[in-house]
Amino acid sequence: MNATAQALVLPFITQVTRAVSLSENVKVLGGIPFAEDGTYLEWLSILGFTIGCYYVIYTFYALCFHPLRKYPGPWHLAVSNIPNRWSTISGNSSYWLYDLHEKYGPIVRVAPNEISYSDPQAWQDIYGPQPNQRLGMPKDPKFFSSFEDKKTAASIITSQPKDYMRMRHIYSYGFSKQVMLAKEEMIQGIIDRAMEALRQTKQQPQDIVQIFRATDFSIVTEIVFGKAYHIFDRPTYQPWFKSLMGWIRSTAVITATTDYPLGKLAAWLLTPRSVLKQRNVYLKYVNGEIEERIGESNAGRKDVVQLMFETTDQPKLAESDIRANLPFMVIAASETTTTLMSGMIAHLLNSPDALSQLTAEVRGRFRSPSDITIATVNNLPFLNACVNEALRVYPAAPTQLPRVVPGEGATVCNRWVPGGTKVYVAPYATFRSAENFYQPDAFLPQRWLPENGESFDVDKKNAWRPFGLGAHECPGQVITNLITRLIMCKLLLSFDLELCADSQDWLSRQPVWIVWDKPELLIKARPAAA
């Protein structure tokens with residue numbers, strides 16, 4: 001249809017230009033040629049009429065002849081992707097997709113050339129290995145390139161399969177349990193400092209989201225750069241960690257405008273100035289730290305940067321690879337962990353029975369904070385169930401990650417999809433679907449226990465993929481799971497928690513810009529009785 005549009009419209013543009021140039025009565029008003037005899041307006045009207053006809057024809061084509069015409073969904077989404085993109089810009093995309101799936105079912109056409117799924121089978125069909133696509137379907141290049149701020153090298157997000165596997169090997173090891181064990185003393189020290197900061201509040205309301213964020217950020221920067229920034233004690237770095245959401249939100253807007261001409265300009269105009277300022281603050285700090293770390297010795301650092309320099313994989317990673325990857329990796333590792341812990345504690349504080357059961361499990365297992373280690377926190381069944389349930393009702397990464405169907409086409413959920421179609425699983429809609437889970441909107445950790453009862457037999461556990469599936473599964477999930485368990489155990493062992501009245505509706509309709517835009521979660525922490 002693009003060729004058709006050109007064939008219809010371009011001749012009229014030429015005629016308008018010619019008519020104006022041939023007119024003997026042309027005046028220039030404000031730099032615009034204007035024919036006094038009305039020729040210019042006449043041809044301009046014809047041009048407008050032609051463009052209108054084109055869109056009428058395109059609408060007819062999209063509804064009646066497009067290869068996706070038989071897929072369910074509202075008609076207006078079949079002719080325009082603007083509603084879809086606006087849902088991202090406005091922070092409403094996860095709820096918007098949820099509502100569509102509730103109305104139209106597990107497969108919905110959400111744009112002229114775009115399909116969203118909440119069917120568990122779609123995880124495997126889209127993201128899982130295929131005979132001719134071992135990394136799953138190709139990533140949507142426009143969407144994922146939006147995460148890159150440096151263009152000197154492709155990051156792990158947009159790299160080709162061979163380079164991707166090489167980078168993934170490094171990052172998976174850098175965020176592995178083995179590395180965390182080597183740095184456990186440092187990690188425990190940061191968490192203990194957070195607990196001490198909470199103790200010093202003397203039971204006054206505190207924003208637990210910011211405490212989690214400062215803790216996670218300090219741990220991740222130690223793992224990545226080989227030094228912790230100790231946000232609680234070094235105010236110099238507080239603007240850096242407080243700017244994380246600015247980078248995330250502005251990136252979300254960029255992903256929504258890449259399909260349009262002048263997309264970057266549109267993103268700049270549609271992003272609040274305060275958010276753009278935060279983005280610049282984040283990039284200033286992180287790029288400064290990257291340059292400083294590159295200039296330092298690798299001896300004894302045992303951080304991700306050292307791993308990148310010393311990898312035996314060929315070809316070796318260059319400084320440009322470090323600059324391309326680390327701005328995103330710092331956020332991906334820290335903010336998803338903060339999101340998981342914030343959602344988990346909010347649901348626990350709104351579920352007294354679950355909170356009581358988890359607190360009893362933690363205090364029954366550990367006698368002092370020193371007993372809580374990386375080696376011991378995984379052996380708590382109800383804690384594991386609470387983490388899993390938090391990831392279901394409040395996924396750390398609720399945003400859809402689009403793939404593009406290969407040119408030869410593919411079968412997704414037993415239906416043929418033509419090549420070039422953008423496809424994805426909508427995580428929030430999938431995890432909250434009654435087709436996939438019993439009482440999907442309730443926080444019920446017991447669904448993940450072996451003795452969960454017959455009610456949960458209907459649960460489709462294969463629908464639950466909080467960190468993705470296949471070769472592109474999140475390499476930082478190990479660190480997210482371990483940090484969450486360490487902090488939750490120390491928090492519940494040391495304090496009795498109370499949700500403040502101002503945060504009773506904290507879980508209500510939070511905006512989503514890649515991750516949840518988390519408001520203050522005010523709690524009171526009373527030291528637990530010895």
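Glycine is no exception: its Cβ is also placed from the backbone N, Cα and C atoms.
Here is what Swiss-Prot records for this protein:
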BINDING   CYS474  heme binding site
CARBOHYD  ASN2  N-linked glycosylation site
CARBOHYD  ASN92  N-linked glycosylation site
TRANSMEM  43-63  transmembrane segment
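Spacing of CYS474 (heme binding site) relative to ASN92 (N-linked glycosylation site) is 24 Å (Cα to Cα, whole number). Remark: ASN92 (N-linked glycosylation site) has PRO511, VAL512 as non-local neighbours, by Cβ distance under 8 Å and separation of at least 6 in sequence. Mapped onto three states, the DSSP output places ASN92 (N-linked glycosylation site) in coil. The number of other CB atoms found within 10 A of the CB of CYS474 (heme binding site), across every protein chain shown, is 19.
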